[in-house]
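Down below is the structure, laid out as structure tokens.
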Amino acid sequence: MALPVYYDKDIDLGVIQSLQVGIIGYGAQGEAQALNLRDSKVKVRIGLYQGSLSVSKAKKEGFEVLGVKELVQQSDVIMALLPDELHKEVLEKEVIPFLKEGQIVGFAHGFSVHFNQVVLPKGVGAILVAPKGPGSALREEYLKNRGLYHLIAIEQESSKNNAKAVALSYAKAMGGGRMGVLKTSFKEECESDLFGEQAVLCGGLEAIVRMGFETLIKAGYPEELAYFECVHEVKLVADLLHYKGVEGLRKHISNTAEFGAIKAREPMGNLLEKRMQKILKKIQNGSFAKDFLLEKSLNYPRLNTERKALKETKIEQIGEILRAPFNHKK
């Protein structure tokens, strides 16, 4: 691997155990991280605004809940586990004014720091600890004595505590050292994460799935078959990719499917490469971040319109029917 990788044997858990951790936010990531840290004998408190619906949940799970200002004043390490677009508003009002030299502020994604939404005072550390998976998987893997890969990065050093040692120790407390903790930068994590979401995992995959479905429908094929071939079976392929890689996927499909994939890749590849380069450039030059923050300032008009329209599409209507047996089993 090109990136440095650290495992449990390389990391001192005592570093984070000696510090008071405060987590701002108690969504999927906040809850999972808090529970994992506590099970790793780390002192954890939760910071929430007054009236938050998460207060009762956090208290029910045995955590002390403070206001954000109070949490900052009583913590050595403060983790900002809030949506990216809220970092600037919350941190500028309730975190930064109350920070002292030597404290460390942590993030699970590099967006707000990399795009200068958040600038921390000199002497305050800025670290990234990013589990490579959702909160549910982070908790489930920890309880199975396994873990998720974690990324760490250091943007700014603390005048008191070694930021790298703290980031590594925090990742170990969440189970990251069981799988591997990779050291990167805020820039690399942020830009690659956004690109993966837009070009492949969310934007790219959704576009291919929907276009494939519509192509079959317009050609007169039944909606059920179009859904099975273009949506339902994505999980089968994704699981093979996840566990066995591209070569392993090839070994588990028919010769017909493999030859067809190679033939289809040739015309699609050139077009996709050019489009992906444009997507990456807009991420790198800050255009996407600017557009997203403008969308937030206008109260998400495009997101709301798209979400409403999606419910009315054929792919969702037939999908809801075909997914019903699976959801019923859960």
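Quick reminder: no glycine exception, Cβ is built from N, Cα and C everywhere.
Between the candidates GLY135, GLY147, GLY175, GLY176, Swiss-Prot assigns the NADP(+) site shared with TYR26, GLY27, ALA28, GLN29, SER52, SER54 to GLY135. HIS109 (active site) and GLU233 (Mg(2+) 2 binding site) have their C-alpha atoms 31 Å apart, to the nearest angstrom. Residue density at SER52 (NADP(+) binding site): 17 other Cβ atoms are found within 10 A of its Cβ, drawing on all protein chains shown.
Of TYR26, ALA28, SER52, SER54, SER254, all annotated as binding-site residues, the residue with the shortest Cα distance to ASP193 (Mg(2+) 2 binding site) is ALA28.
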